[in-house]
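**Student:** Below is a structure I'd like to ask you about.
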Amino acid sequence: MSWTVADAVDYKGFPADRSKTGGWMPAALILGIEICERLSTMGIAVNLVTYLGGTLHLPSSTSANVVTDFMGTSFLLCLLGGFLADTFLGRYKTIAIFSIIQTLGTGTLALATKLPQLRPPPCHGSHTCKQANGFQMGILYIALYLIALGTGGLKSSVSGFGTDQFDEKDEKEKSQMAYFFNRFFFFISTGTLMAVTVLVYIQDEVGRSWAYGICSVSMFVAVLIFLSGTKRYRYKKSLGSPIVQIFQVIVAAINKRKMKLPYNVELLYEDTPETSRIHHTDRFRFLDKAAIVGEGDLERNVGPAAAPNPWKLSPVTRVEEVKMMAALLPIWATTILFWTTYAQMMTFSVEQASTMERSVGGFQIPAGSLTVFFVAAILITLAVYDRLVMPLWKKWKGKPGFSSLQRIALGLALSTMGMASAAVAEVKRLEVARATGASATTGTLPVTVFILIPQFFLVGAGEAFIYTGQLDFFITQSPKGMKTMSTGLFLTTLSLGFFVSSLLVSVVKSVMGGSNGGQGWLADNINHGRLDCFYGLLAVLGVINFALYIVSAVWFKPRKSKPVTLQMDTIINGSSTAENKC
């Protein structure tokens, strides 16, 4: 066994000593960053809608869109973080820089919620509440999007840098890496659980500035802990951004669009070492034109070892890598709607809960803490799947659990059922509001909040399946050199899901604004609206999207090579980030 790791260096740039660098302990230091990121992002997201409506006096639909835009931007910025890590900074510097940015963001948010000058005066009696002005909203947006920027940079690199600490060629370290994925999601769940219970309680009962201050201090401490392991980490050299490589193939194919493909694919250009080659396939034949050798294509750049201009000529393996990424897009597109459904759990479902009876004995459950049932559903689903379903499935089918595409299908189906359940619960809530005459007030309705548990549980169980299914699918079905990008592609489904939610709310608000006596489906006070119709619309869209997904899954041809498949028992819904939830 070599004392050095072949593809890794230490902090001085020398080959990494296996006995002094990497392994579980350095990886554990990285997990502290992840738990604090979850604590901050989820602690803010799940209860922000109550602050926007109750303190800043924003309309219901506007509050929901602020939250979904914030979360969507957080995940979208994972692409920026991944690009910077792959091209310029490396994962270590990316984590350090963006964790400090998130610390600044949570600190700014703590100040924004503490200073009375940064929020409108409270409502008095029946007088019209004054909404937050532009300056007050501007400070809030600066804080939120600093946090979003920090989250994007962290999510793109934390899980990858953690796996860099293990050598896949060493069996012992390979098994430790599987354990790391397991612990990674455990820490994600721990951070989320603390966010929706302890942190939300502090926000409601002690003060939001205290809660956000705790987030800022905890992240700062996590950064110090992370930096303390600098000498123990293994660092892998950046290979450049795969986005550039994809554009090179596309540009070369477009420039040669008028050229005819040779009858023999062996005539296409290939300079990749034999052990790393990907065999030619017949799908997306247009892209094959990037590998046609044209006049002057083989003229070398300066230097005897220089390769042909990649913007003019791409090897077959590079073209096939782009084809593999293109083949992921139908599955990618049909999983976006799940995260639109997920967004409702942090917006309108929390608003529902805020109007309902939440007392248990003498304890008042914070509306944002109802998402604890969402987290519980994830953990219960994972436990049942790993301990019961997987062993039975292996005995029956001889396979270690459902395939990634099957798990995604289960997640989509459960989320659609969750929206149908949410519509039924909202019908009951509105009936009570009308019967008690509470529709004209913002008082607590005499209906238990626990009728909302089914929608949280169904969507939570759906996430347990779809998150692991997506992560497994995008990692194992993508080229080896594009794993970071494929993870980023997965995370864009989360981002676009939140943005689609914002768009859908705006469209419904505009189109249905004249219905329901002029209040529309999404009224400023949900007791005046028809949120049940909005949930029903999402359920119908879910059915249509599920049918499109089935077609896409049947069309997709799984990769025939021998990928390192990450089953649910090894990644346990673990990265987000992703999760890399980035």
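The backbone N, Cα and C atoms fix where each Cβ goes, glycine too.
Unlike curated records, TrEMBL annotations are generated automatically.
Pulled the feature table from TrEMBL, pasting it below:
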type	residues	note
TRANSMEM	70-89	transmembrane segment
TRANSMEM	96-115	transmembrane segment
TRANSMEM	135-154	transmembrane segment
TRANSMEM	184-203	transmembrane segment
TRANSMEM	209-227	transmembrane segment
TRANSMEM	322-343	transmembrane segment
TRANSMEM	363-385	transmembrane segment
TRANSMEM	405-425	transmembrane segment
TRANSMEM	445-467	transmembrane segment
TRANSMEM	488-508	transmembrane segment
TRANSMEM	534-556	transmembrane segment
**Student:** Same-chain Cβ contacts of the transmembrane segment (488-508) under 8 Å, 6 or more residues past its ends?
**Tutor:** 61, 64-65, 68-69, 71-76, 78-79, 82, 155-156, 325, 328, 332, 335-344, 347, 470-471, 473-474, 478, 520-522, 534, 537-538, 576-578, 580-582
**Student:** Considering only Cβ pairs under 8 Å, which range in 70-89, 96-115, 209-227, 363-385, 534-556 makes the most contacts with the transmembrane segment (405-425)?
**Tutor:** 534-556
**Student:** Is the transmembrane segment (135-154) in contact with the transmembrane segment (322-343), using at least 3 Cβ pairs under 8 Å (sequence separation of 6 or more) as the test?
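**Tutor:** Between the transmembrane segment (322-343) and the transmembrane segment (135-154), contact is absent.
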**Student:** Taking contact to mean 3 or more CB pairs closer than 8 A (sequence separation of 6 or more), are the transmembrane segment (135-154) and the transmembrane segment (70-89) in contact?
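**Tutor:** Answer yes, regions in contact.
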**Student:** Among the recorded stretches 184-203, 209-227, 363-385, which has the greatest number of Cβ pairs closer than 8 Å to the transmembrane segment (96-115)?
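**Tutor:** Top-ranked stretch among 184-203, 209-227, 363-385: 209-227.
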**Student:** List, by number or range, the same-chain residues at least 6 past the transmembrane segment (363-385) whose CB is under 8 A from its CB atoms?
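**Tutor:** Beyond its ends, the transmembrane segment (363-385) has Cβ neighbours at 46-47, 50, 189, 192-193, 196-197, 200-201, 203-205, 345-346, 349-351, 353-354, 401, 449, 452-453, 456-461, 463-465, 568, 572-573.
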